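> Sharing a structure with you now.
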Amino acid sequence: MTAPLSLGWPAPAKLNLFLHINARRHDGYHELQTLFQFVEHCDYLDFKVLDKPELKLHSNLAGVVADSDNLILKAAKSLQQHTKCQFGVEIWLDKRLPMGGGLGGGSSDAATTLVALNQLWETGLSATELCELGLKLGADVPVFINGFSAFAEGVGEKLQNVEPAEPWYLVLVPQVHVSTAEVFQDPELPRNTPKLSLESLMNSPWQNDCQSLVAKRHPQVAKTLGWLLEYAPSRMTGTGACVFGQFEQEQEAKDVLAKLPASIQGFVAKGANISPLMLRLAQC
């Protein structure tokens, strides 16, 4: 077994550079086309391998039971059960990404847990096998395990690696919770965007089909997006509430961040086509 204590495993945020909803399936899920890109802004997880099969989790968010916390333990347990691993783990989560918001933080934490423990427990699963486990935890988990910017189709499980530009982003976090389930159940959600080839999509204006609905239902999202659009091309990520503006230079994004009203939180981060998680795995 590898060294029992392993530090600094990143769980990066993702952005949906576009999100098109093509149809609603008979099972209630939605057919979609989307482009995922990572940003270099992450949660961090530390792992201590235990010689008995118990699972422990600590977080810097004292007293807060977040979806990401639950998914971390679910991920560890799923790998443990699938591989019949007799080791356990103690995990420390340094939560830096906003919870909810469309940045994929909970799914990313779960993916990092699967990737790290597969290495530390020496369970030997392939990336494909890890993705199959991850998909049972959440539709976005496989893209974080895959570790590369990706075009996704189906319900988000069919991935094709792509290399969009890697600009700087200013990501803003409206102080409102948007329910993904409510967005996808809303009768006013557009569900008829035509399916296009990847080549056509990469050369077309990008949009998020959820954006207008979420902005209508949540004025704080509309207000935040309107403010950011004064400075840069901007969209919502996922089902919100976070929005992002694109900049060529880091300083441009930081200059706009400095003007941000005190009531809105935000951060500047660079787009990354290779996940920081993959770079950490390569160090093992």
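Cβ from N, Cα, C; glycine included.
Feature annotation from Swiss-Prot assigns active site to LYS14, ASP140. Taken from Swiss-Prot, the feature ATP binding site covers PRO98, MET99, GLY100, GLY101, GLY102, LEU103, GLY104, GLY105, GLY106, SER107, SER108.
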> Between GLY106 (ATP binding site) and ASP140 (active site), find the distance joining the two CA atoms and give it rounded to the nearest Å.
9
> Going by DSSP, is SER108 (ATP binding site) sitting in a helix, a strand, or coil?
helix
> Nearest to ASP140 (active site) by Cα, among LYS14, PRO98, GLY100, GLY102, GLY104 (recorded positions)?
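The answer is GLY104.
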> Would you mind listing, in sequence order, the residues at least six apart from LYS14 (active site) in the same chain with a Cβ closer than 8 Å to its Cβ?
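In sequence order, PHE36, GLN37, PHE38, VAL39, LEU103, GLY104, SER108, ASP140, VAL143, PHE144, THR237 meet the Cβ cut-off.
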> Are there any residues at least 6 positions away along the chain from GLY102 (ATP binding site) with a Cβ closer than 8 Å to its Cβ? List them or say none.
ASN16, VAL178, MET236, THR237, GLY238, THR239, GLY240, ALA241, CYS242
